[in-house]
């Protein structure tokens, strides 16, 4: 993991490493919000909003993972896992979240604002 | 060693000159130091194929005949973009516009020809071009992006090809022709009329018997005015009124020129050591504008220059083919009716075919074909040889010999010395020999090896038939090799062969060993490779969920909002009141958004939340309907013998039996069946992968139907008497499809690709093979598990796939 750890983020434990299998998306649900965590073949973990930026939306969790990309299951868009950037010829961006691994624990980083929003929603 | 090579200079880097060099390099590679001067900035390319570039079916790269490396390999000095301006025939030196010069012992002039630009007022305006070289072609491609209306002056070969190209580029095109008939120098009025009607159908407009008087406009052309006072608005004009031999250099250098550069039967000009070939030359009073003569001339000249005995060049029997896709026209020899000739003619306006043979006494002297030109090479041969007309030729050509010959039979019957490629003079015998000796398998390889099909391409279908004739089933067709997706250059067959040969067992291994460009593939190749592995190693291969499309991974159909549709099996479209109640209860409990009757006689439960899927399956306690799978979806049935007053067979019973036997097995694509109890066909057999029709004596089995976006009516595979035989036949057919189809290839496409006869031969006629196929599919079927209950048993699996991690 090379993700930079931002001091202003709040880290929440979302599971342990074995909860996340290679090339399979796992949905993390925070109230109404869905984030998906992908684990690539080389073991890297990524967290993104579980929503395709395609105008008709749809989940990303069921997409096929190839290298450091996920292929949108509904519209076959190619999306970079690290940046959330939709690859040409399509355009768009998926919000991404930092992850922190401590021992076996996987933690999701949220900004104070995001965490506050969650607290509000709760 | 120590031998000084003679200096050979070639002026003109086109097809005629380079072809001559190719012959020389074969005959006597060490004899000459060769220098080539070309005005264009490209290596040698196939000018005849410019029409295809314009049409978009070929790229510029496709038509390069000799690449830069070819010149290097043969140590030829090539000066492109260099125009020779004078020849000193006394000192034997040529001089170029950029100061270069070269001494020669032998000089070949192959300067070709120029398009005739009619000297009408306004011809120098912007937007008026000829159609001759790559730069003209580029101008046309560019113009089509900006302008809409084009006019082509000239309804000959070149004009029509240019016009069709511009039409394909999206322009509105009008062809202006001076004469009453198109291609009047190659076709008779009947064929010409059929051609015009076809081209009009394709979208071209024609103005016949019009003489252009003026091209008007400002700096750029705006339109044409004709001698009869009418006008035509146009933003772009292509002059294709003919070509003129390019003789300026020769005549300025004191070499004898009439219409072209005058040559003798050995291509020698009036100057010592100076020769001319191709369109710039005039031989026995004739200047040729087609490709065949220049190859004949080149062959004679090369032998002459290499000191090889050769027959003199005595002129070429011309024949013509139009290079517009979908329009087949051919003519050779004498093609116009004349009082002293006997004309055999067949005109078929329904099939849009026209055939004509002209005889002088009994001798065949010419012919015209429209629509079907597969007899062209034979007619050419007969005319060349001055063959006599016989009853056999008549019967065959005019189709009175019973059933018409298939293409394969026709090539089988060709004599070995019959010329297939008229451009390069390649005979059937030499092609067949090349295929056998060098184990060639594709048209491109035959091209590279023999030269056949390398010029105008008109004989490519015959070459393809010859490959088929020599190779039989091993011939894969003439389509160029492409990978199954962007991740690999390998074709389906190559991948399958490699998996077998190298015994690869996982998707990852396949992609690694076969050097995929993207190490983990994409959504196209991953499911395909996963399927091929399962097909080849039914026992050993462990299905890879991460290479399955979401629907197959979840065993339900994903909808655009991320919910799923659940479809329970309803064998043969039959359910019970108890099952119906259960389905209704589940639908209420899990708040499905809609219950829908499908086209395949079952019930969709639309809008089930992902985490509810296992619960829904559990409560339904029914088998999965595989509505999501590349597998048998449904077997549609009619009421049949049990209740229907017309029913002669138990269609419901047979439908249920087939569905229970063949459900769950992975296939290349989705698969549907129907069973009818009588020939009224209420279950619509003709649009199913397998459609079965019962009659009094047994069953008829139809295959390869499709009711989707590319509808296709199923074809009769066989008739069987017993139920057992029918089940076996369905199994054998299905297994053969599983083994040989491309991933995602429906049976409709597959049947067309293989041909129903080939499938019959394997599945119906060959009893041993049928039994083997059936046994194989039964063995695979025995391994399969019901996916919904399997998912429920593997609790961990289902929770991973279906349940989200809830954060509190």
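Heads up, the Cβ atoms here are built off N, Cα and C, so glycines get one too.
As given in TrEMBL:
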type	residues	note
BINDING	B:638, B:644, B:678, B:682	[4Fe-4S] cluster binding site
BINDING	B:682	siroheme binding site
DOMAIN	B:7-282	domain 'FAD/NAD(P)-binding'
DOMAIN	B:319-386	domain 'NADH-rubredoxin oxidoreductase C-terminal'
DOMAIN	B:419-468	domain 'BFD-like [2Fe-2S]-binding'
DOMAIN	B:484-533	domain 'BFD-like [2Fe-2S]-binding'
DOMAIN	B:559-621	domain 'Nitrite/Sulfite reductase ferredoxin-like'
DOMAIN	B:629-768	domain 'Nitrite/sulphite reductase 4Fe-4S'
Other than B:638, B:644, B:678, B:682, the chain contributes near [4Fe-4S] cluster (Cβ within 8 Å of their centroid) the residues B:639, B:640, B:646, B:647, B:651, B:676, B:677, B:680, B:681, B:683
Find, among the binding-site residues listed as B:638, B:644, B:678, the one whose Cβ has the highest number of other Cβ atoms within 10 Å in the structure shown.
-> B:638
Count the residues of the domain 'BFD-like [2Fe-2S]-binding' (B:484-533) that DSSP assigns to helix (H, G, I), to strand (E, B) and to coil, and report the three numbers in that order.
-> 27 helix, 2 strand, 21 coil
Residue B:682 ([4Fe-4S] cluster binding site) has how many other Cβ neighbours within 10 Å of its own Cβ?
-> 18
Can you tell me which of B:7-282, B:319-386, B:419-468, B:484-533, B:629-768 gets the most C-beta pairs within less than 8 Å of the domain 'Nitrite/Sulfite reductase ferredoxin-like' (B:559-621)?
-> B:629-768
Averaged across the domain 'Nitrite/Sulfite reductase ferredoxin-like' (B:559-621), what pLDDT does the model get? Just tell me the whole number, please.
-> 94
For residue B:682 ([4Fe-4S] cluster binding site), just give me the three-state DSSP call.
-> coil
